[in-house]
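As recorded in Swiss-Prot, the features of this protein are as follows:
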- 1-20: signal peptide (SIGNAL)
- 22-86: domain 'Sushi 1' (DOMAIN)
- C24-C65: disulfide bond (DISULFID)
- N29: N-linked glycosylation site (CARBOHYD)
- C51-C84: disulfide bond (DISULFID)
- 87-146: domain 'Sushi 2' (DOMAIN)
- C89-C131: disulfide bond (DISULFID)
- N112: N-linked glycosylation site (CARBOHYD)
- C117-C144: disulfide bond (DISULFID)
- 149-206: domain 'Sushi 3' (DOMAIN)
- C151-C191: disulfide bond (DISULFID)
- C177-C204: disulfide bond (DISULFID)
- S263, S265, T338: Mg(2+) binding site (BINDING)
- N334: N-linked glycosylation site (CARBOHYD)
- C464-C582: disulfide bond (DISULFID)
- N468: N-linked glycosylation site (CARBOHYD)
- N472: N-linked glycosylation site (CARBOHYD)
- C493-C509: disulfide bond (DISULFID)
- H508: active site, charge relay system (ACT_SITE)
- D562: active site, charge relay system (ACT_SITE)
- C585-C601: disulfide bond (DISULFID)
- C639-C666: disulfide bond (DISULFID)
- N652: N-linked glycosylation site (CARBOHYD)
- C676-C706: disulfide bond (DISULFID)
- S680: active site, charge relay system (ACT_SITE)
Amino acid sequence: MDPLMAVLCLLPLYPGLATAALSCPKNVNISGGSFTLSNGWNPGSILTYSCPLGHYPYPVVTRLCKSNGQWQIPRSTRSTKAICKPVRCPAPVSFENGVYIPRLGSHPVGGNLSFECEDGFTLRGSAVRQCRPNGMWDGETAVCDNGASHCPNPGISVGAVRTGSRFGLGDKVRYRCSSNLVLTGSAERECQDDGVWSGTEAICRQPYSYDFPEDVAPALGTSFSHLLATTNPIQQKKKQNLGRKIQIQRSGHLNLYLLLDASQSVSKDDFEIFKDSASRMVDRIFSFEIKVSVAIITFASKPKIIMSVLEDRSRDVTEVENSLRNINYKDHENGTGTNIYEALHAVYIMMNNQMNRPHMNPGAWQEIRHAIILLTDGKSNMGGSPKVAVDNIKEVLNINQKRKDYLDIYAIGVGSLHVDWKELNNLGSKKDGERHAFILKDVQALSQVFEHMLDVSQLTDPICGVGNMSANASAQERTPWHVTIKPKSQETCRGALISDQWVLTAAHCFRNAEDRTLWRVSVGDPNFQGSKEFQIEEAVISPGFNVFSKKSQGIPEFYGDDIALLKLTQKVKMSTHARPICLPCTVGANLALRKLPGSTCRDHEKELLNQVSIPAHFVALNGDKLNINLKTGSEWTNCVKVVLKDKTTFPNLTDVREVVTDQFLCSGTQGDDSPCKGESGGAVFLERRLRFFQVGLVSWGLYNPCGGSSKNSRKPAPHGKVPRDFHINLFRLQPWLRQHLEGILNFVPL
């Protein structure tokens, strides 16, 4: 062997002579901002810049430490010095039939634009708009219109130029953006028969602009709402513009395709947020009574099909969530590219295979609706144009003007600088009054979107057990079934909407008030205009209820059969503040629990009261949701025996079952909250699969924690006083409920 080669072969054996591990230079500070590293200074690490609100990183938001120990050089710029630049909003290029001020080349964050119309024209949209820290104007496009055409004046968004000034049937308008701005929405729109413009509004935005979570969440939240709102052909034919997003008849079927970017620029932590966001969407969709199949595709240089809609397990929420949870970040470890085309092409192949299945009925195939959710952090850089794959998908689904509602593509980009607005816009669906393409600043914003998107305000049918669980929802929105029952102006009891016209409450609320025409039921949030008072058309009190029935036995009060139904004089309009809760043993609850057809009331009880201690809730006087633990089985016995020790209330009681029968659920241990006087009749409820079910109603207790004047102040029980609370168990009063709610609710077999 050559002596020199021999020496070289031995070099790795000596630590002092070993090659040093590569690392990227540390001179990457950003002026005015900060940065984070996904894996230190090692090759493969992603550097992410961040700037204060109202500023953006320039020239890039991320950089990759390459395998040669050098930072990736930003494309399309010679500058490698990172700085935080101030955000600016674009200026109007033109404004028809009116004037605007001030006239600047661009506008700083916080700056205002004011619009005013000429005589004979009416202003539609926002008269004053403010530049927001994300580079977007708040409000809506200002338009001066005289209403003289078949379609309304489509307007000209800030920074846009329009060609076409005729708005009659069949007329077209075209848009382009001024220099350095990016067009999102439809570049061309046509005036249609129904007086609505095709496509979606053209908006011109700065390349570095992004969407706030509070803007994206309502759009996606409405998607879920209208997925449920289209419940039958009659409702579909209504001409109300409800902003239909992902839409499906409950008798139909939805194919949901989740496409998750796993390319090298996505860190492991960020990919976990992608997975978590997809899981939230899946969980929410499966919480409603619709038929859905889910496909999961991850992609980098190549796609990987985790789950196909052709598989039976794609219709099982547990299987879908397990598949999402078990996706391995390292599956695409060697994939450096972002191949959105191949990911969408995999969806196309899946659709084609389903359509050509031997047993697939052509009519049934035509009725399947399809929604594609793309989560990506970058521009497609290999595999060809993703738009080609979208066109193929539209062809196989026969998407035309009449069938446009059968396909929705949502393109969600994360990272305002390295996501291509133009590409996302080309991929997202274009439908009037809707948005399907979004860019969020970072994955944390994406997570916020899926936390806040659960808005049910647009659901017009009385689907049960749906509460708005987003972080910014009011107390009433979280428990929209909760109502207040009062004679004249004094509040005395609570109740729960169980349909759009019936309220379930406690019988003892009415023992001292015979003239029920004076009573009112307040539905909705008293802090909002949506609150409304209803008169009672009919009160159905359980004939078995008589609070003094055991007085001769030395028992001053007995609350057996403490249940009542109230029929309101009018139906309640469904909204985010007013919606019924699910009553167990009904068909609605069976669907919400995802139980099979043929399931029984006993099956519901096993599902909902399946432990000896069950976390549950009731609503306090101030609207807060408070926590209790319902006791069953052996724990029920231990819970109720405390009554024997309360000699103040029951001085001569020897058998606890004389006052606490098996009609009652028991709570009050484990530091539970205790209901106050005035909270009687309210629902005792629990959550399963993002839906809410009433298993009991507040009846009576040994201690009133609200003895003071303030309804916001709850005092702990004094020394020697053991609190216990008892709630009517709705599973024990099924015959009575079925007798009086027949034809109002559909019940499953006992």
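Just so it is clear, glycine is given a Cβ too, placed from its N, Cα and C backbone atoms.
Annotated features, which come from Swiss-Prot, shown on the structure.
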residue: C89; record: disulfide bond; DSSP (3 states): strand
residue: N112; record: N-linked glycosylation site; DSSP (3 states): strand
residue: C144; record: disulfide bond; DSSP (3 states): strand
residue: N334; record: N-linked glycosylation site; DSSP (3 states): coil
residue: N472; record: N-linked glycosylation site; DSSP (3 states): coil
residue: C493; record: disulfide bond; DSSP (3 states): strand
residue: N652; record: N-linked glycosylation site; DSSP (3 states): coil
residue: S680; record: active site, charge relay system; DSSP (3 states): coil
residue: C706; record: disulfide bond; DSSP (3 states): coil
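Note: the Cα of H508 (active site, charge relay system) and the Cα of S680 (active site, charge relay system) are spaced 9 Å from each other. Under the DSSP three-state reduction, C509 (disulfide bond) is assigned to helix. Highlighted in sequence order, D261, A262, Q264, V266, A300, T336, G337, T376, D377, G378, N381 have their Cβ within 8 Å of the centre of the Cβ atoms of S263, S265, T338, the residues recorded for Mg(2+), and are not part of that set. Considering only the disulfide-bonded residues C131, C177, C464, C639, the residue whose Cα is spatially closest to the Cα of C601 (disulfide bond) is C464. A straight line from the CA of C191 (disulfide bond) to the CA of N468 (N-linked glycosylation site) spans 37 Å. Fewest Cβ neighbours within 10 Å among the disulfide-bonded residues C84, C151, C493, C509: this applies to C84. Spatially close to T338 (Mg(2+) binding site) yet at least six residues away along the chain are D261, S263, S265, F299, A300, T376, G378, K379, S380, N381, M382, judged by Cβ distances under 8 angstroms. According to its DSSP assignment, D562 (active site, charge relay system) is coil. Looking at N468 (N-linked glycosylation site) and C585 (disulfide bond), their Cα atoms lie 23 Å from each other.
According to DSSP, C639 (disulfide bond) sits within a helical segment. The helix, strand and coil residue counts that DSSP assigns across the domain 'Sushi 3' (149-206) are 0 helix, 21 strand, 37 coil. Nearest Cα neighbour of C585 (disulfide bond) among the listed recorded positions (C131, C144, N652, C676): C676.
For C144 (disulfide bond), the same-chain residues lying six or more positions away in sequence with a CB closer than 8 A to its CB are F95, E96, N97, G98, F115, C117, E118, F121, T122, L123, R124, N153. All protein chains included, C177 (disulfide bond) registers 20 other Cβ atoms within 10 Å of its own Cβ. Ranked by CA distance from C706 (disulfide bond), the recorded positions C84, C493, C509, D562 have C493 at the top as the closest. Looking only at Cα atoms, C582 (disulfide bond) sits nearest to D562 among the recorded positions C204, D562, C676. Looking at C51, C582, C585, the disulfide-bonded residues in this record, the fewest other C-beta atoms within 10 angstroms of the C-beta turn up around C51. On the backbone, the CA of S680 (active site, charge relay system) and the CA of C493 (disulfide bond) stand 5 Å apart.
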